[in-house]
Amino acid sequence: MSSKSMVLGYWDIRGLAHAIRMLLEFTDTSYEEKRYICGEAPDYDRSQWLDVKFKLDLDFPNLPYLMDGKNKITQSNAILRYIARKHNMCGDTEEEKIRVDIMENQIMDFRMQLVRLCYNSNHENLKPQYLEQLPAQLKQFSLFLGKFTWFAGEKLTFVDFLTYDVLDQNRIFEPKCLDEFPNLKAFMCRFEALEKIAAFLQSDRFFKMPINNKMAKWGNKCLC
């Protein structure tokens, strides 16, 4: 393992790490991954992670984690901000920083709605309710983006990586969900066209699925 490489630890799924992976790729950061594998049903053995969870000198042991020399960070958005600060991707003006802060929190609230649905044993019965309210939520993001190029304004920031990932997961869940929102679709295309992102999406380091872990009711399988 290179002493100069960051180490990203997470389950072998997209989950909360996908936006981090994309930001690492976009910023040309040298990194390696430590992927932990969850066991199969019915036990879903998590011992690969639990056996080392309290041995890594993490203040709040959890996944994902990022290790960068003496800096050891948990909480996915704290990791994103840590990387983004190194590359001036947290917004420049006060307006940009406010928009970044709003989006960081709003998109995570939105993410967790889909996460809770996907891991709920009553998933199939709850899915119609989620889909019914989805357009209203997407409309809010569409209005917030407006005619801006990126969600903070005209400057690419880490929340664009976060937002792309969450919108993409919803697009996989309901393929037509963005059709009513041309500016969101254009945002997705712009993001995918970024040179480093386009290269990552075509690389063997990228995987579309699984989004969730094996105990989830949706998004828990690889695409063959």
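The backbone N, Cα and C atoms fix where each Cβ goes, and this holds for glycine too.
Annotated features, as they stand in Swiss-Prot:
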DOMAIN    4-91  domain 'GST N-terminal'
MOD_RES   SER5  phosphoserine
BINDING   TYR10, TRP11, TRP49, LEU50, ASP51, VAL52, LYS53, ASN62, LEU63, GLN75, SER76  glutathione binding site
BINDING   TYR119  substrate binding site
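Structure with Swiss-Prot features highlighted.
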residue	record	DSSP class
SER5	phosphoserine	coil
TYR10	glutathione binding site	strand
TRP49	glutathione binding site	helix
LEU63	glutathione binding site	coil
SER76	glutathione binding site	helix
TYR119	substrate binding site	coil
Cα separation, the residue listed as 'substrate binding site' to LYS53 (glutathione binding site) (Å, whole number): 23
Those binding-site residues listed as TYR10, TRP49, and which of them has the most Cβ atoms within 10 Å of its own Cβ: TYR10
LEU63 (glutathione binding site) and the residue listed as 'substrate binding site', Cα-Cα, nearest whole angstrom: 17
Segment confidence, the domain 'GST N-terminal' (4-91), expressed as mean pLDDT: 98
Per-residue Cβ crowding (10 Å cut-off), top of recorded positions SER5, LYS53, LEU63: LEU63
Nearest-integer angstrom distance between the alpha carbons (Cα) of SER76 (glutathione binding site) and SER5 (phosphoserine): 18
Diameter of the glutathione binding set by C-alpha atoms, the set being TYR10, TRP11, TRP49, LEU50, ASP51, VAL52, LYS53, ASN62, LEU63, GLN75, SER76, in angstrom: 21
Sparsest-packed among the binding-site residues, when each Cβ's other Cβ atoms within 10 Å are tallied, from ASP51, SER76, TYR119: ASP51
Minimum Cα separation from SER5 (phosphoserine), reported as the residue among binding-site residues TRP49, ASP51, LEU63 that achieves it: LEU63
